[in-house]
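Per Swiss-Prot, the features are:
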{"type": "DOMAIN", "residues": "2-83", "note": "domain 'GST N-terminal'"}
{"type": "BINDING", "residues": "Y8, R14, W39, K47, Q54, L55, Q67, S68", "note": "glutathione binding site"}
{"type": "DOMAIN", "residues": "85-206", "note": "domain 'GST C-terminal'"}
Amino acid sequence: MPGYVLTYFPVRGRAEPIRLLLADQGISWKEDEVQIPDWFSGKDARKKEAVFGQLPQFQDGDYVLYQSNSILRYLGNKHGLTGANDEERGHIDMVNDGVEDLRQKYGRLIFFEYETGKDKYLKELPSQLDFFERILSKNANGSKFVVGQKISFADYNLLDILQCHLDLCSKSLSAYPLLTAYVERLVARPKISEYLKSDARNKRPITPKHKK
Ligand SMILES: N[C@@H](CCC(=O)N[C@@H](CSC(=S)NCCc1ccccc1)C(=O)NCC(=O)O)C(=O)O
């Protein structure tokens with residue numbers, strides 16, 4: 001039975017929350033690495049087959065899925081990571097959509113405004129992080145996960161984008177005790193800790209713009 005296959009570029013990017021979920025859940029997967037020049041030059045013909053012409057792609061046997069957030073939600077549904085009831089599921093989706101909003105802001109900075117916009121971005125970042133600190137504060141005083149008693153697919157997405165911001169500025173969470181403790185708690189989970197130390201994780205830059 002073929003297992004899970006994740007097709008993406010040799011970067012963390014939009015595939016990293018998926019990798020964190022799989023690693024933390026003890027689920028093995030195959031990395032199908034696409035070289036960026038081959039993708040854009042057409043040497044790798046898969047761009048024409050991709051539903052939206054982009055990656056990541058996720059394969060579960062013969063089942064093929066694109067869109068990183070859809071892949072996260074699919075794995076959440078399959079592996080019990082979508083909350084305890086409809087209300088929690090709705091809030092998990094809401095938080096994941098909020099993470100997507102922040103990821104798009106982060107991507108715009110990295111790919112289009114880095115030289116001129118970093119200071120302004122960091123100055124305005126608290127207005128975004130305030131939302132997530134408050135979300136954590138409303139669930140068990142921030143001592144657990146974004147929603148409910150169990151980890152959900154949105155937690156892996158939030159962890160990744162927070163780590164991206166810690167890479168951008170190591171002090172970006174210093175005014176956020178709940179977010180700081182949340183990241184520390186999640187990265188200390190044995191399987192996430194093991195993955196974060198792995199060559200597979202550390203050979204990949206966050207984006208093609210980051211130099212290893
Ligand atoms: N909504 C989609 C967005 C997918 C996406 O943007 N994929 C990018 C990669 S994700 C990312 S971090 N993009 C920005 C930087 C980048 C560009 C090219 C390759 C790798 C990274 C991609 O496939 N670019 C190549 C292309 O469009 O032909 C999703 O969430 O999966």
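Positions of Cβ are set from backbone N, Cα and C atoms, glycine also.
Structural mapping of features recorded in Swiss-Prot.
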{"residue": "Y8", "record": "glutathione binding site", "DSSP class": "strand"}
{"residue": "R14", "record": "glutathione binding site", "DSSP class": "helix"}
{"residue": "W39", "record": "glutathione binding site", "DSSP class": "helix"}
{"residue": "K47", "record": "glutathione binding site", "DSSP class": "helix"}
{"residue": "Q54", "record": "glutathione binding site", "DSSP class": "coil"}
{"residue": "Q67", "record": "glutathione binding site", "DSSP class": "coil"}
Those binding-site residues in Y8, R14, S68 whose CB falls under 6 A of ligand 1, listed in sequence order: R14, S68
Tally of residues which DSSP labels helix, strand or coil - the domain 'GST C-terminal' (85-206): 93 helix, 0 strand, 29 coil
Count of other CB atoms lying within 10 Å of the CB belonging to Q54 (glutathione binding site): 13
Mean per-residue pLDDT computed across the domain 'GST N-terminal' (2-83): 97
Most Cβ neighbours inside 10 Å, all chains, among the binding-site residues R14, K47: R14
For glutathione: widest Cα to Cα gap among Y8, R14, W39, K47, Q54, L55, Q67, S68 in Å: 18
Neighbourhood of Y8 (glutathione binding site) by C-beta distance under 8 A, where only residues 6 or more apart in the same chain count: R14, A15, E31, D32, E33, V34, L55, P56, Q57
Largest tally of Cβ atoms lying within 10 Å of a Cβ, found at which of the binding-site residues Q67, S68: S68
For W39 (glutathione binding site), the number of other Cβ atoms found within 10 Å of its own Cβ: 18
